[in-house]
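Asks: Have a look at the structure that comes next, please.
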Amino acid sequence: MTAFLWAQDRDGLIGKDGHLPWHLPDDLHYFRAQTVGKIMVVGRRTYESFPKRPLPERTNVVLTHQEDYQAQGAVVVHDVAAVFAYAKQHPDQELVIAGGAQIFTAFKDDVDTLLVTRLAGSFEGDTKMIPLNWDDFTKVSSRTVEDTNPALTHTYEVWQKKA
């Protein structure tokens, strides 16, 4: 399985200055639940946005073009083929692609599961989720969580690629 995991506002926004444009603890718990025990692939900038690195209890894989980049406690790779080679060596762990936008683009043709959190509000930011062909996927679950701040009301959706 290769899954995309991300949160977006109602306009598809996913980032602001290298960080999330909102603070949503419930979604951070969801992110953790979806990545613990798995291979989590992120780009260098996304990795560096984490307050504590590497994220515990999961394999942190950093995909970067910087040949000399080092990330203590993480696996650093320089192309998509290296990610799949690493995953093949660890068949017991699912592959979760967690951004940013360039990393999603690199894996766009390989994804079979979409784990998206949709926030009801509209936020300020500078990075949107890449376009996906939603017709290639079927929604298999959806759960809405109300928030006292209507903009933070959010829905967790799981989509599977059609056979």
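In case you wondered, yes, glycine gets a Cβ from its N, Cα and C as well.
Straight out of Swiss-Prot:
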BINDING   Leu5, Trp6, Ala7, Asp27, Arg32, Arg58, Thr117  substrate binding site
BINDING   6-7, 14-19, 43-46, 63-66, Val80, 98-103  NADP(+) binding site
BINDING   Asp27, Arg32, Arg58  methotrexate binding site
DOMAIN    2-161  domain 'DHFR'
SITE      Trp22  site 'May be important for enzyme function'
Asks: Identify which of the recorded positions Trp6, Trp22 has its Cβ surrounded by the largest number of other Cβ atoms within 10 Å, counting every protein chain shown.
Replies: Trp6
Asks: Can you tell me the three-state DSSP label for Arg44 (NADP(+) binding site)?
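Replies: SS state of Arg44 (NADP(+) binding site) = helix.
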Asks: Restricting attention to the domain 'DHFR' (2-161), give the mean pLDDT.
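Replies: Averaged over the domain 'DHFR' (2-161), the predicted model reaches a pLDDT of 98.
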Asks: Where the distance is taken from Cα to Cα, which of the binding-site residues Arg32, Arg58, Thr117 turns out closest to Gln66 (NADP(+) binding site)?
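Replies: Nearest candidate: Arg58.
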Asks: May I ask which of the binding-site residues Gly15, Arg44, Leu63 is closest to Thr117 (substrate binding site) if we compare their C-alpha atoms?
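Replies: So, of the listed binding-site residues, the one sitting closest to Thr117 (substrate binding site) is Gly15.
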Asks: Just counting, how many other CB atoms are there within 10 A of the CB of Gly15 (NADP(+) binding site)?
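Replies: Total other Cβ atoms inside 10 Å, all chains included: 23.
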Asks: Going along the chain, which residues six or more apart from Arg32 (substrate binding site) have their CB under 8 A from its CB?
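Replies: Sequence-distant Cβ neighbours: Leu55.
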Asks: Reported as an integer number of Å, what is the Cα distance between Leu5 (substrate binding site) and Gly15 (NADP(+) binding site)?
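Replies: That comes out at 14 Å between the alpha carbons.
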Asks: Find the longest CA to CA distance in the recorded substrate-binding set Leu5, Trp6, Ala7, Asp27, Arg32, Arg58, Thr117; express it in Å as a whole number.
Replies: 20
Asks: Work through the binding-site residues one by one (Gly18, Gly99) and point out the residue whose CB has the fewest other CB atoms within 10 angstroms.
Replies: Gly18
Asks: Which residues, sitting 6 or more apart from Gln102 (NADP(+) binding site) on the same chain, put a CB under 8 Å from its CB?
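Replies: In sequence order, Gly43 meet the Cβ cut-off.
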Asks: Going by DSSP, is Leu5 (substrate binding site) sitting in a helix, a strand, or coil?
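Replies: Once the DSSP labels are grouped into three classes, Leu5 (substrate binding site) ends up as strand.
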Asks: Where Leu63 (NADP(+) binding site) and Ala7 (substrate binding site) are concerned, what is their Cα separation in Å, rounded?
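Replies: Given the Cα positions, Leu63 (NADP(+) binding site) is 20 Å from Ala7 (substrate binding site).
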